[in-house]
Amino acid sequence: MATSDADDVLDALAAAALEVRAGFAGRREKTDGQNASGDQQLHADLHADDVLQNFLGGLDAVGEYASEEAETVQDVGDGPLSVSVDPLDGSSNLTANNPTGTIVGVYDAPLPAPGTDLVAAAYVLYGPLTTMVVARDGDVTRYAVTEAGRENPECVDLPSDPTVYGFGGRTPEWPESFADYADDVEDDLKLRYGGAMVADVNQVLTYGGVFAYPGLRERPEGKLRAQFEAAPMAYIVECAGGASTDGSHSVLEIEPGDLHARTPVFLGNDELIQQAERALA
Ligand SMILES: O=P(O)(O)OC[C@H]1O[C@](O)(COP(=O)(O)O)[C@@H](O)[C@@H]1O
Ligand SMILES: [Mg+2]
Ligand SMILES: [Mg+2]
């Protein structure tokens, strides 16, 4: 594969991000529709999906486009790459005007595929600024997204001294093993949880720490989707010097038999991920 193919996807993502962001106004209401995960879609989810399919699916390098908002993988051409897209991550945050994101995985294999087939992954954070974090060739870079594209590159290395944690799921739904782990983590770290994976993992990459959405008592598979959320974000955290687990293995090793399969997710500093694996064993 020519190295420029994945770069084309990343450049197109930066261009798409501006349109996605511009589309939030007037699209914060719910539609009557649900996606394959049973989530009620906002107009902004559907708009973001359309924009991203146009920008990414239209590239010569891309053969498959798979979205959290669509049931099946779309065949979009003969290119060698497949892209997985969570068009708007944490979209319910739009109601309160809190941060949301976009998550993209770039694979050199047909989907569904494990994270070991990723050749690049990126997320866009629609915060006070629009930023984009890209994992490519073992390095992670943060950019400002502007009309000129990806600007002001900064190297992202997970800080070695962890500071923050963010755990999803209601505490009464946490299994005892996870609740015990959370108690230990709370002794040392500061809570930072906003309900959008992109924004919550971005805090971990900025300050060091751990993000988790565990398996729950009534839903052992947790909430987050392996293909669209867990694997690309794990790839980024691992490339930044951190670690990931689903409780026993790196999230990158998960084989999502079903495109919309869910998995427990733990991402962050290696010692906190190892501590999670010991607690859940
Ligand atoms: O509301 P909860 O249970 O804390 O869930 C938050 C999680 O759900 C998500 O919002 C799911 O993402 P989507 O908006 O793409 O469905 C994650 O971003 C976040 O980590
Ligand atoms: Mg999401
Ligand atoms: Mg989404």
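Numbers run from 1 along the shown chain.
Here the Cβ of each residue, glycine as well, is placed from N, Cα and C on the backbone.
Neighbours of Asp86 (Mg(2+) 1 binding site), defined as other CB atoms within 10 A of its CB across all chains, total 29. According to TrEMBL, the feature Mg(2+) 1 binding site maps to Glu68, Asp86, Leu88.
Taking a C-beta cut-off of under 8 angstroms and a sequence separation of 6 or more, Asp89 (Mg(2+) 2 binding site) has the following same-chain neighbours: Thr100, Gly101, Thr102, Ile103, Tyr123, Ala196, Met197, Val198, Glu229. When secondary structure is read from DSSP and collapsed to three states, Asp89 (Mg(2+) 2 binding site) falls in the strand class. As annotated by TrEMBL, Mg(2+) 2 binding site applies to Asp86, Asp89, Glu229.
Taken from TrEMBL, the feature substrate binding site covers Asp89, Gly90, Ser91, Ser92, Tyr193, Lys223.
The annotation domain 'Fructose-1-6-bisphosphatase class I N-terminal' is assigned in TrEMBL to 30-144.
What TrEMBL records for 159-280 is domain 'Fructose-1-6-bisphosphatase class 1 C-terminal'.
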Review point. Can you list which of the binding-site residues Asp86, Asp89, Ser92, Tyr193, Lys223 have their Cβ under 6 Å from some atom of ligand 2?
Key: Asp86, Asp89
Review point. Using a 10 Å radius around each Cβ and counting other Cβ atoms from all shown chains, which of the binding-site residues Ser91, Ser92 yields the largest count?
Key: Ser91
Exercise for review: Using DSSP, tally how many residues of the domain 'Fructose-1-6-bisphosphatase class 1 C-terminal' (159-280) sit in helix, strand and coil.
Suggested key: 55 helix, 20 strand, 47 coil
